[in-house]
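**Q** Next up is a structure, given as structure tokens.
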């Protein structure tokens, strides 16, 4: 390559590193970088703590747990007048079908807390003449009602008692019509019509519509309650499953340390076998359901069901599972065929990474520190979000059935009966509408929630960055030790952690801030996409889809760039922008190696995680579905057995990812150091390579296409 051509090439991709006899790995004599971002992070954390304190002062999580009556009082809460009244009763649930429910999230009818839901049809006009019935009826009147001699018309006019009762059942602590279907006919209490208390017979389907609008999320709440019940009886077995995943991951990593080549090929074969068994099992279930009643119903006809076990009785479900597994199996086999030579190279790099991890065994436990910090971030964000969302005050508004100029205005229950509103609008009521407020704090609650989400992303990315730069510093000290492990520092992991916190908090904050901004934009785009689902503007949907795709790609690129920038920060101690630029140009000068080597190792690590997750997931499936005869009676009875299975699968993936992330960071660090080593040295006695003889034997003998600068050196 000529001098002019070489100059043009390096002008596009930066200047390669020169030989420096004093360079011995991570630089210890370094200074603080990106101080402004460090100060900004500290100020943001202080502000975040202030927001949390303010939210905890004003918030009340009971608003999420307990239903509230028309005065904003909690039903069933201990120490209050409603302590023995856990259920919410609607005076006229038919009014809950009003569009106001969707606008105000509150039914325009009186709501009270009761000790039990009504179990019979009854009207106040009929109950008034029978003392026993009236005594039963009084428990569904407002607490202030005491004058039983008052004329029924006046009682109904003053909204002191409901006009009628109907059989109800408590659902999510709300009294809803006890609806049942017999031979396709909707009935409530074996009746198809009911007396509305005003002498009119009405169809019970009106109660059904009101119940639906009154409790838009009741089915999801009921589902959540059943899921919670499943967790309470299966948490012990879930922990055992996660421990099995952790032990399996640890054994796999230890074996990888000594038998890297064999373990990689064993892992590949086992992944293919596990997927093959999954295909076989899906086919057997598909064949077993042939001819069974209802098994040929399509997924589209069935629609969404909260009980996911229903889908397992459909042949189409198992057919879909089988097709997905077959596609995954074919893709993996094709990739293995085309990448078989590159896998040998990746195995050499994994062997080198195994030796590095073997000399720094504490690195395997470091993800626990990262996991603990991430749990703190998640817990603080979740608790702050709950307290912020429940820190509103009870807001009362005027509700009425006829036209009224005061409709929708705020009111005070204590002064409402003596105001002009009742004179101008006789049928108006002052009811609890929602939780809000008129103070500056309440007006900017949405801003505080946005700040809470933003800080969550920033701190989570910062914790991940801290873990990456710590591991990178430790593994870089291994690579740049000429005599391994004699030239390594005594505690490489703790030294790297101390350098990262002392000198590069600002740089980590800078990188994580950029990533957090992109992630928040993606959250906003997802929110807008959710809001536009019902819209007919195809251009807006298309534009939004393009933006979502672009920002998804941008997030992936920033994560890749940040990861390599943190390695350069750990080695050279430069600021974030300089490190990102140097890392990017170094990768561009070795783009072929990046494409065929670094990504092949990522693929192999993915297969390792897939093997652990698949094995533990299959074991959990057979256990929780009572298909293991030895422990058939030991497995708990569940509402949804997919709850613990999915929990074990997700938890197993996170555990396996935690262990393999150490190897992944080790491989990336060694790879970047390897590229630097090629530029700094030429393998001569005066400028020897720092890479191990085993690594140089396979990487420098024509197995990979050398980069341009190595051509010039050769």
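Cβ atoms are placed via backbone N, Cα and C, with glycine included.
Annotation source TrEMBL lists transmembrane segment at 32-56, 235-255, 262-280, 318-339, 360-382, 455-482, 503-525, 565-588, 600-624, 640-660.
I'd like to know what surrounds each of these features in this structure.
**A** Residues 263, 267, 357, 364, 608, 611-613, 615-616, 619-620, 623-624, 635-636, 644, 647-648, 651-652, 655-656, 658-660, 662-663 of the same chain sit 6 or more residues outside the transmembrane segment (235-255) yet have a Cβ under 8 Å from a Cβ within it.
Residues 23-26, 41, 44-45, 48, 353, 356, 359-360, 363, 366-367, 369-370, 373-374, 377-378, 381, 488-489, 492-493, 495-497, 499-501, 504, 508-509, 511-513, 515-516, 519-520, 562-563, 566-567, 569-571, 662, 665-666, 668-670, 673-674, 677, 688, 690-691 of the same chain, all 6+ positions outside the transmembrane segment (455-482), place their C-beta atoms under 8 angstroms from a C-beta of that stretch.
For the transmembrane segment (565-588), the list of distant contacts is 12-14, 25-27, 30-31, 33-34, 37, 465, 468-470, 472-473, 476, 480, 496, 499-500, 503-504, 506-508, 510-511, 594, 668-669, 672-673, 675-676, 679: same-chain residues at least six beyond its ends, Cβ to Cβ under 8 Å.
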**Q** Any residues 6+ beyond the ends of the transmembrane segment (360-382) with a Cβ under 8 Å from its own?
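**A** Non-local partners: 52, 250, 253, 452-453, 455-456, 459-460, 463-464, 466-467, 470-471, 474-475, 478, 492-493, 658-659, 661-662, 666.
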**Q** Between the stretches 262-280, 318-339, 503-525, 600-624, 640-660, which one has more Cβ pairs under 8 Å with the transmembrane segment (32-56) than any other?
**A** 503-525
**Q** So are the transmembrane segment (262-280) and the transmembrane segment (600-624) touching or not, going by 3+ C-beta pairs under 8 A with a sequence gap of 6 or more?
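**A** Between the transmembrane segment (600-624) and the transmembrane segment (262-280), which are separate recorded stretches, there is contact, as judged by 3 or more close Cβ pairs.
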**Q** Same chain, outside the transmembrane segment (600-624) by at least 6, Cβ under 8 Å from its Cβ: which residues?
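**A** Residues 234, 237, 241, 244-245, 248-249, 252, 264, 267-268, 270-271, 274-275, 277-278, 332, 335, 339, 342-343, 345-346, 349-350, 631, 635-636, 638, 641, 644-645, 648-649, 652-653, 656-657, 660, 663-664, 667.
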